[in-house]
Amino acid sequence: MQCESVSDGKAALEQEKVDLILLDINLPDGNGMDWLAEIRQRSALPVILISANNMEMDIVTGLQLGANDYITKPFSLMVLRARIEVQFRETEAESPEIFQTDYYYFDFRKMDFRVDESPVELSRTEQRLLRKLVENPGAVLTREILTDEIALRRL
C-alpha cells in the first residue's frame, strides 16, 4: 500500500496489517522523523527512512530515533529490495510466525487461528494481543503493555 502523508500512514496502520514502513522524511503534513519517534514509543515495526538528504547528522539522528535503516535518494530498486529483505530476515528470526500445541494452532503470517482444529475468527486487535501473549510465554504482561499493543493501531 502507498500513503502520501503522515495522516494517511496513521490511518493505514489502523486498517491494515503492516510488516514494514518505508518512511520519507519530508511529507506534506508532517516530518517523518517526528512520526518515527511516535511509532517507536509503541512498536518495533521495521522502519526504513528515505530521504534526499544525505547529511551525516540527519542519518545518525534517524538511526538514533530508531530507524532500522536509512537510504538516500536516488536509490536503486535492487538496493532497496535487498535492504527490505534484510529487515524481514531479522524480523523472522526474532518472531516465529507459527505457534502450535496439541490444542492450539496460530499462523500469524496467514492469519489462520485454530482451537482444537476448529477455525477461529479474530479481530485485528485480538490478533495483536494474541501475538503479544504468544511471544512472551510465562511473562506477566501489564495492562499498560497490552494497552500499548492495542494503541499501536491508533498511530
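The backbone N, Cα and C atoms fix where each Cβ goes, and this holds for glycine too.
Per TrEMBL, the features are as follows:
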| type | residues | note |
| --- | --- | --- |
| DNA_BIND | 96-155 | DNA-binding region |
| DOMAIN | 1-88 | domain 'Response regulatory' |
| DOMAIN | 96-155 | domain 'OmpR/PhoB-type' |
| MOD_RES | ASP24 | 4-aspartylphosphate |
Residues in the DNA-binding region (96-155) grouped by DSSP into helix, strand and remaining coil: 24 helix, 13 strand, 23 coil
The residue listed as '4-aspartylphosphate', number of other Cβ atoms within 10 Å: 17
Overall pLDDT of the DNA-binding region (96-155), taken as the mean: 81
